[in-house]
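Per TrEMBL, the features are as follows:
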| type | residues | note |
| --- | --- | --- |
| DOMAIN | 44-99 | domain 'FHA' |
| REGION | 127-157 | region 'Disordered' |
| COMPBIAS | 133-143 | compositional bias 'Polar residues' |
| COMPBIAS | 147-157 | compositional bias 'Basic and acidic residues' |
| COMPBIAS | 173-186 | compositional bias 'Polar residues' |
| REGION | 173-218 | region 'Disordered' |
| COMPBIAS | 197-207 | compositional bias 'Acidic residues' |
| REPEAT | 331-373 | repeat 'WD' |
| REPEAT | 388-429 | repeat 'WD' |
| REPEAT | 437-469 | repeat 'WD' |
| REGION | 614-710 | region 'Disordered' |
| COMPBIAS | 637-651 | compositional bias 'Low complexity' |
| COMPBIAS | 658-669 | compositional bias 'Low complexity' |
| COMPBIAS | 679-710 | compositional bias 'Basic and acidic residues' |
Amino acid sequence: MEIAAAVASNASGLWSGAALEVRKEGKDKVRDVLRVGELAKTVVVVGRKRKHCDIVVDHGSVSRAHAALIPVYTLAGEAELVVVDLGSSQGTFVNDEKLEPSVPVPLRTKTDVLRFGTSTRRYQLREAGVTKDVSTSKKQSAQAEVARNETELSRADRDAEIARLALEMSTTAPTYSLTPATSSLPPDNPGDKKVENEDDDQDEDDEGPRPVQAPASVFEDVPRAEQIRISAHTKSVSAIAIDKAGSRFVTGGNDCKVACFDFGGMNKANKAFREFQPVEDQIVRALSFNPSGNTFLVVLADSVALVYNRDCVELARTTKGDPYLMDMAKTKGHPSMITDGAWSPISKTQFLTSGIDGTLRLWDLERSQRTMMDNFLMSQRIIKAKSARATRVAVHSCAWTPGGDRIIAGCSDGSLQVWNVRPNATYIRPDVTIRDAHLADNEITSVSYSPDGTQLASRSQDGTLKVWDATPLRGTYKSVFTSSDRLENNRSQTGVVFSPDGRFVATAESGFGDLVVFRLDSKSAPPLRLRLAEQGSKPVAVEWHGKLNQIFVGCTDGSTYVLFDREKSSKGAILSSSREASKKREFFASTEPNKIRQEDIILPNALPMFRKDRVKKKARTDVGAATVQAAPQGQPSSSSSSSSSSFLSSSTPHPAKESGSTETSSTTGDNDIRAQLFAHRDNDKDSSKRVVLADRTMEADEEELSAKRR
């Protein structure tokens, strides 16, 4: 049906009763009802980004601002609802027909089926609106049909006006506000599973304007005045760990490599003092130092975790569990991939690991049993995470409280489970459980306690960051803060961390590629967004060191950024950024290794251009000494120290000269000893004097005498 009216000025009066019935594809049961008329808005936006939209469809194929629902009047005075596609990549469909971008299409009550992208949800208009004092007689209907035909020429102007209004609506900068406990927005569709890494090529265009930036005065205590960039990996930096003193830190990445740094020996070149690969082709998922800083834990995307000392020498590794045992309590280690790990903040030898086998395991370098191979550890304690139905559930993240008295686990069913650490405890069930902390089937990529242990932060792939009151020892935690903006998270190691004073919480965001910092004591303020890496690179791992007051951020391009402020921070990157790189390092790091500058030459006499031809000189001397003959009696012999040329001109006559050879020194050359020796060898006439010992030998005489006797 064609429409010939502009957008209504009073939406609430026009379609206050309008609602969309939500059904699953192929089923008649109504799963939900979205009362769009109660929103009291002229234009209702449908999309995936909560801060851009009024109706949120949490599906990977839905763009951030996907489509718009607009109430209009027809010439007959009837209120109708039109849908406009806002240039989405996966399209908007009415009765399985894809809509053209910016072209309004009316929705008929109980007839047209609306679909966004490839979502399995179907939407039908239950009530299009109310009429504006118009009779429903057949005569008036006929007049309305004539009026529609007469307005054929005004369709282009009408379509352009609606498209302009929709475009202005979609490009308006959103305002920031915290999501109240009872929001008027429709709830997210829990049945639609989020598709990871399915953002289309037009996501950058669909993001819209960047969120409102916070005033600088609100976040003046966040160290961000300067930053250094450390390039030690070729792929994403997935883990960062700093020792308690802040003198050394290690980074791990998806390039399966661990890089070790020492601020005391670093300069502006920011080079690692050691790099190694713990296990071939296994990415690094987590790193953690012990309280003394002399050992650190390396967790790989494997069933084995390794322990190294301060000089990156392997001390021990965990044993792999038996994958054929159903009871995980009877295995000596993780039979499948380890997801996270953390060292106890109060023990130099005890550390914690979590795995997709549904267990958390405690290990001790001194007390844990070892296999026949001394460097393989067996787990000391086993903690099982359970779902609401008491079934096995994977654990994606884990952490200790600062006092080391509690352990937190982020599970795949969206729950957070906490156990109080006690000697010889059996850990049958968790002491604190938050079942609906996050959406199910979305990884809780990181959990972190505040420095005083009173608050807990959790980061999930459902696009939220939540802070909980962690003071209760039993029961459940209450949420004290939830990010109102959707924070994209498509990495399994996306981190979250508190500031040293507990007033701020920082996390990485995969959508805009920002480091996002929230201020907890001023919840009405918008977050601070810091763009660190180059275009296309996103932050992943985040650490905020308490003693240094510096923020470490690992990015997808393999770089690690250290943010600091010379007035608020101490040591660390401040020391290394003040030291110039040595010339030797600059030379070997040069992009032209074959280019030698004059100032780089230290021993010029060692260069080939200044070196004497010693080899040739020695060869001539050896050949001349081998051809020296005894001088005749009465003539002095040539000195052994004389050169080969003086020897040829000495009192010892040359055989060729004594024999009267026609060859002269000009033909053979006095200095060409080899040619002269060949000439002497080829001369058949030997004029040198020889001493004849006897004409016959004794053996010959004896043979002749014997012959005569016979």
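Any Cβ shown, glycine's included, is placed from N, Cα and C.
Automatic, uncurated: that is what TrEMBL annotation is.
For the repeat 'WD' (388-429), the number of residues in each DSSP class (helix H, G, I; strand E, B; coil) is 0 helix, 18 strand, 24 coil. Secondary structure by DSSP for the domain 'FHA' (44-99): 0 helix, 26 strand, 30 coil.
Under DSSP, the residues of the repeat 'WD' (437-469) split into helix, strand and coil as follows: 0 helix, 17 strand, 16 coil.
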